[in-house]
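Trainee: Please find one structure pasted underneath; my questions will follow.
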Amino acid sequence: MIEWLQGVLKHSPEILLFLSLAIGFWIGQFQFGKFQFGGVAGSLLVAVVLSLIGVPVDNGVKAILFALFIYAVGFESGPQFFKSLGPQSIKEILLAVFMAVCGLVTVLVMAKIFHLDKGLAAGLAAGGMTQSAIIGTAGDAISRLDLPLAEIQRLQANVAIGYAVTYIFGSLGAIIVCVNILPKFMGKEIHDDALKAQSERLKGAFELAPGQELAMPEIVGRIYKVKQANGQTIAEIEAKEPSITIERLKRKDQFIDVAPELTLQTDDVILLVGRRASVVSVAEQIGSELQSSQGMEMIMDTSDVILRNSKYLNRTLGDIKANTPAYLKHGIYVLAIKRNDESQPLSNDTVLRQGDVVTVYGTKSDLDRLVKEAGKALPESLKTDWIFHGAGLVVGLVIGLFVIHLGDVPLTLGAGGGALLSGLLFGWIRSRNQVHGNMPLAASQLLKDLGLAGFVAAVGLQSGLQAIQTIKESGLSLFMIGVVVTLVPLLLSMLFARYVLRYNNVAVMAGALSGSRSANPAFGAILDKAGNSIPTVPFAITYALANVFLTLLGPLIVGLA
């Protein structure tokens, strides 16, 4: 039966990959008290069980899935990442250094206590700290030892054994610490702190999810029957408040074109559009509000405009409002201003810059007039610009091929680090020129969900059987040593981040902690809990550093163990 199943699955091993995802996400939705595995950890566990069938997934599949995940993460965070670089990133740098030092000391102490050879010690570091590059750097360092060839080969094989036994819990343990233990330790939830940090970043503005809308919208439309405003022109009414316009007028069941000089008469029906406070303020000076009136409905549009006209650059919003002709600004309402993907306050003191994206509201004719005058409208599209993103992935994977030698130690970002770097770079480029590089949020989320869960499932299918077999041969002692190597650096770094570096936001701290351990599955689970991209910037900084610092542990352990 097993032989028949293996024969079938060898023709289509991807069946096991998607089966791991399906069952893993199903298991991941169940809660045990306050503990929940989540889809990523669930997929990993199911993949380990399915690995007993003995059909691995090709390495290329694993590489592609991880590249898609980490590129999407980088692309989403690019603008904020580059803004965060500088003295304000010192905490992330110190955390990454502290994690690497703790990992080194923990491995050396455990190797001394349990009399582990250099190969097993390096393998424990690679698996327990989920840094696969250590296998390469440690293996290279072992090959340079003055030992017989057979002994060198034995030690190099032990690196792989130590890695296989400890990698599974290395991934799972990081999820448990970062997603379950850390919030309890801080006394706060990741999601709550992520929303708080997002609110601070948006300067109090709201960022609505699809399907959400404000109960009290800023821009409203109201229908009035003219009483008190009899005899006044439309221009006089609109001059009473700066943020109102009369968009439609009906007189004795006949619609009349709205013009500034047109005089209102008793019982005229008008559609007044404007900011809520202004509409409420002027209502008593017009007449009585109607619930509805036939034919007074009107479609309004929202558009994102990239500011390009030099006439409006380097001027305050207040100056532009005050000195722009009435015919040009008529019916235009500014809803938001974004610079490098970051919201700017809608105050009269805000200075507009080249490339700012201004979200405006009005009728189609009013918006067309504004776009022609001020810049270029951002096209709304549900399609992903794969010309842009395909090039981004190519650049990242090419970067990952480069190797820099620090003495005898080869350093490389690898495919993952390269894809992250190019994602950050291309995300920043997109924020500077938003005509190109569109990626809808749903597409980005799919890449992150499928990429990460598929990656860890592929790892489980590939390494799970070997880990189980090795545990049977060497007992649980090696596995338990790996548990210590996984948990001790994480827990010490958690205390260091809280009490020395003074991290206060649990979402930011979780991102930094997972990155300093290059714990991609943990980071995916953190993002899932956060519900936004707040943990990504600290993760991106510490992850990039961890790729270097943790990789250096290989030759250090070989030299010191």
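Glycine is treated like the rest: Cβ placed from N, Cα and C.
I grabbed these lines from TrEMBL:
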- 203-289: domain 'RCK C-terminal' (DOMAIN)
- 328-376: domain 'RCK C-terminal' (DOMAIN)
- 15-32: transmembrane segment (TRANSMEM)
- 39-57: transmembrane segment (TRANSMEM)
- 63-82: transmembrane segment (TRANSMEM)
- 94-114: transmembrane segment (TRANSMEM)
- 160-182: transmembrane segment (TRANSMEM)
- 386-405: transmembrane segment (TRANSMEM)
- 411-429: transmembrane segment (TRANSMEM)
- 477-501: transmembrane segment (TRANSMEM)
- 537-558: transmembrane segment (TRANSMEM)
Trainee: Taking 15-32, 63-82, 160-182, 386-405 as candidates, which has the most Cβ pairs under 8 Å with the transmembrane segment (411-429)?
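Mentor: Most contacts with the transmembrane segment (411-429): 63-82.
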Trainee: Given pairs 6 or more apart, does the transmembrane segment (477-501) have at least three Cβ pairs under 8 Å with the transmembrane segment (39-57)?
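Mentor: Output no: the transmembrane segment (477-501) is apart from the transmembrane segment (39-57).
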Trainee: Checking distant contacts: for the transmembrane segment (160-182), what same-chain residues at least six beyond its ends satisfy Cβ-Cβ under 8 A?
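Mentor: Sequence-distant neighbours of the transmembrane segment (160-182): 34-35, 37-38, 40-41, 44-45, 48, 119-124, 126-130, 132, 134-135, 190, 456, 459-460, 463-464, 466-467, 470-471, 474, 478-479, 481-483, 485-487, 490-491, 494, 506, 509-510, 513-514, 517, 519, 521-523, 525-526, 529.
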Trainee: Which bits of the chain, at least 6 residues beyond where the transmembrane segment (537-558) starts or stops, bring a Cβ under 8 A of a Cβ in it?
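Mentor: Contacts of the transmembrane segment (537-558) (Cβ under 8 Å, skipping residues fewer than 6 from its ends): 73-74, 77, 80-81, 84-85, 89, 92-93, 95-97, 99-100, 103-104, 107-108, 111, 118, 121-122, 125-126, 129, 131, 133-142, 145, 406, 408-409, 411-414, 416-417, 420-421, 424, 508-509, 511-518, 523, 526.
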Trainee: So if I exclude everything within five residues of the ends of the transmembrane segment (39-57), which remaining residues of that chain have a CB under 8 angstroms from its CBs? That is, six or more out.
Mentor: 2, 5-6, 9-10, 13-14, 16-17, 19-21, 23-29, 168, 171-172, 175, 449, 452-454, 456-465, 467-468, 521, 524-525, 528
Trainee: Residue counts in helix (H, G, I), strand (E, B) and coil for the domain 'RCK C-terminal' (203-289), per DSSP?
Mentor: 15 helix, 31 strand, 41 coil
